[in-house]
Every structure is written in C-alpha cells, then in structure tokens.
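Encoded as structure tokens, the structure appears first; notes follow it.
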Amino acid sequence: MRIGHGVDVHKLVKGEDLVLGGVQIPSDLGLKGHSDADVLIHAIMDAMLGSLALGDIGKHFPDDDPRYHQIDSKVLLKKTYQLITSYGYQLINLDSTIMAEKPKLAPYIDEMRITISDVLDLYPSQIGIKATTFEKLGFVGSGQGIMAQAVVLMERLY
C-alpha cells in the first residue's frame, strides 16, 4: 500500500471559467492557469504521483508546454492514472477538500464525485470530496484564490 498527498492553489480572476472536479461551476470569477486550472484534479494528480514518488504534475505536464495550454484537466487525470496503473497500482480510496470562500460548492460535490469516478473507472464511493471556507482569513478567505488538498491510498495489483 502507498499513500500520497497533493495540494494545489490557483488565483481567482475575471474572464476565466471556474472548473472544479471536472465540473463547470457558475461564477463571476474563474481560476487562472495554463490548463483549465482545476485545483481539485491537480491536487488529486499530485497525490497519485507522490504516492509512487514520481514527482509532481509540473514534471509530467509542464506549464511551459503548449500541448497543455487550456487542456481539460480530466485528460491529464486519465493520463496520470494510466501511468500509476502501468506501475502495477490501483487507487483504493481518495479523500479531498476544496477550500473556497465562494461560491458555495455543496450543490456540485456529487457531480464532481461522479465525474472523477468516471474518469478513473472507479465507484463514486471511492471518491471523497468536501468543501470548506477559510472563515474570511488569508488569500482564500479574501476571495483571491481557491485551494485543494487530496490524499490517496494505492494498492499494488501484482
């Protein structure tokens, strides 16, 4: 068994879409990034890569590579999981937290779980997603950005 932990942060700006867990969230502000800036999926990818000591998403999908400009993070998540399975591991459980002052994310959590489970070909019961605020403290609390953390448990298949 292997455990991995991942964290990602992106700045909120006008003129960008807000995509979290592969789901488009209605919002006046979106996340700025080279890809679609999906902090939740990026944290999950980093956790997966970290579980096998394979570096981080910047190593595998550099932000100066035009192939990844505005790419859907679900595509990168699929590629990351294919890499993990090529090493003989599978995801047993994933737990994650999105930290955002607004918008309220509770109405979208189930859709995120289903979206991620579809990409990874897992059961939604293997995907935990929670949302919380920073109680108006720091960059998240002031609405400057959104942060996500993820922890994964991997099991060797063979």
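Numbers run from 1 along the shown chain.
Note that Cβ sites are derived from N, Cα and C of the backbone, with glycine treated the same way.
For the divalent metal cation site, Swiss-Prot records ASP8, HIS10, and the single candidate of HIS42, HIS60 listed with them is HIS42. Neighbour count (other Cβ atoms within 10 Å of the Cβ, all protein chains): 24 for ILE57 (4-CDP-2-C-methyl-D-erythritol 2-phosphate binding site). The CA atom of PHE134 (4-CDP-2-C-methyl-D-erythritol 2-phosphate binding site) is located 15 Å away from the CA atom of HIS10 (divalent metal cation binding site). Excluding ASP8, HIS10, HIS42, which define the divalent metal cation site, the same chain contributes VAL9, LEU31, GLY33, ALA37, ASP38, VAL39, LEU40, ILE41, ALA43, MET147, ALA148 within 8 Å (Cβ to the Cβ centroid), listed in sequence order.
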